[in-house]
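Notes to accompany the following structure.
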DNA sequence: ATAGGGTTAG
């Protein structure tokens, strides 16, 4: 550095011609090509301030000038050779400041020497300043890439790797790559793009990923790859910010980007977002292409009606469905368990194939096999296999697995094993999943020993079904299936779970659920509940199934209190009970339930309705039965019972509140039940509750003074506009058929007695009775349709009779419409 | 540049 300053100092005053050593003789000199672009940039940076200090070529003699050039050539060459580029750049600067052209300076240098200097820097380990030096050389007009030999490129790669190894600042490594790319290097050779993208995704830095993508000419393809990678990490927010950059391309929506982000929504489980992105595209008045439509349908495949809606929109805008569209339709049918609809679509697609419009592929057949397997239609599943073979489509492992599953679901172990052998003969290599299906088949057929024998030969590779050439490890599912094969042998199941952990597999929700089931099934309710607790500690969150299993165990052991506390607990953890959970709890009542139990059931009905489940009529019927029978039991209890029960009701049970309200009015002279605004099921419960109350108040010998009035929805509208249709029908059916009461309509056209010449079965159009009598015609004909009723009247006579009978249900068993299904 | 398989609770 001192040298350089000395040199600079001297050259800015007078040229040190006398000290100049003899110019070295250079052989095979490679002169650098200055690029015009950098000339400009250098000239522009040359400050006019220094214009007094000039390299005055014009005023010097030819000889002196030549000597000077030789001197500088030597000087710069020495600096370059030693890798002292900073000094070199300072000289260059002063050279330019003194009026020299950068191209002239560059011409002094031999490329080989500069190259050697770079190698020197690398050898000395001065990698840190390498990038800066390269920038300087570039600025001078060197074609930097040409200065690098194999070794130097390797060193540059090391610089990148080192920076990448730090992994702490993604932006920094991307800056480095940007620089290198700008210098003309192909950075792909230093670091694989996938590696950079992976790091950006891991660090959740979409900005760095976007910058990196912009290095390459195929930016948009790369941005989509990046979106998918974020999607795989379930980072929708980052993916969306990448999408914002790539959604517009040359002034129009980039369909590839749109379909990609829709796929990412699917990966992240946010299908609603995929819908809003689709809407956004529609707002631009652009017609989405088939890829966008297919992706959207695929992401929303689990919502059959929406999927169909999109399919229809696609047809409307004139986009022709392709095979993928049909396969997605089938997938959606599969998810919605619509096997027959799938069969219809399959026939349509086959027709299209016969016309040569498309060719069914392995996905089509496989999805069909799956939908049929799930629907327990194993014969048809096997038929599809035949179609497939006839069409020359080769079944793959997934196809065979689905076929084996079809048999497994039907409990056909023999058939499953036969298919497995067939698969091997066809030269298709099995995998873990298809062996799992095979084991499942044995378990479903209750051939537990066979399952364990198969598993043993799988592990030891000795059974003819598992030739040695196959090696694939058992999975968590394998162990789960085997645990199911333990029946009620808790210790065996526990041992399998331990073995599974030894194999490096982790138990999942299903594993724990099975263990709970087995433990409880062996009679150890306490143990089952403890497993539920230890599951939390093991870091697996119980899900609906786990809780439902535990609830089932409690219910089966008459531990109703704990069952309900588990329900409360799962709600606290924000785990939504599903239909199975509710139905399991509804089975919790004892046959002659206490009032409290009935109320719990009512609360569950409330809950179910709120959660959007249709309460099961079958259980409701059981509840009604219980209620009527339960009255006898309740008669012995003291009168304070109802009041205290009412006090214990939570504020959320509105129906119960209403019921209680009616019970309070029980001393009123004449009774009426207002069911306006209630749903069908609520209305039924309401009516039953009042009847129960009447029954409780009734003492043998009392007379019934008044009819019981039921106030119905006033609205005289036609079908469709009412909140819920069928309440009247349900109530009338309940009173008359379930309880054997006499029911009159009040305020109807003629007020005739239902039991008179008037056929009341029109009130419940869904019943079998109705179908037999061909009554739908009457309903559909407006002229013969009865005017909507405003009230129902239960005659005091029949009420009296019912009370005296002791409330036992009458001819309900086969005439009740609710008995169906 | 799409899409597919196994195990749990009623």
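In case you wondered, yes, glycine gets a Cβ from its N, Cα and C as well.
Computed from a predicted structure; not experimentally measured.
Per TrEMBL, region 'Disordered' is recorded for A:18-48, A:799-821. TrEMBL lists A:25-34 with the feature compositional bias 'Basic residues'. The compositional bias 'Polar residues' annotation in TrEMBL covers A:39-48. Under the heading repeat 'PPR', TrEMBL lists A:254-288, A:361-395, A:396-430, A:431-465, A:508-542, A:543-577, A:578-615. Sequence annotations record features per position, and here TrEMBL assigns compositional bias 'Low complexity' to A:809-821.
Note on the repeat 'PPR' (A:508-542): residues 476-477, 479-480, 483-484, 486-490, 493-494, 497, 500, 549-550, 552-554, 556-557, 559, 562, 570, 573, 575 of its chain, located 6 or more positions outside it, place their CB under 8 angstroms from a CB of the stretch. Remote same-chain residues near the repeat 'PPR' (A:543-577) are listed as 509-510, 512-513, 516-517, 520-521, 523, 525, 528-529, 532, 535, 584-585, 587-588, 590, 597, 600, 607, 611 (criterion: CB distance under 8 Å, separation of at least six residues from the stretch ends). Residue counts for the repeat 'PPR' (A:361-395) by DSSP state, with H, G and I taken as helix and E and B as strand, are 26 helix, 0 strand, 9 coil. Per-residue pLDDT, averaged across the repeat 'PPR' (A:396-430), gives 93.
Helix, strand and coil content of the repeat 'PPR' (A:254-288), in residues and according to DSSP, is 26 helix, 0 strand, 9 coil. The DSSP breakdown of the repeat 'PPR' (A:508-542) into helical (H, G, I), extended (E, B) and coil residues amounts to 26 helix, 0 strand, 9 coil.
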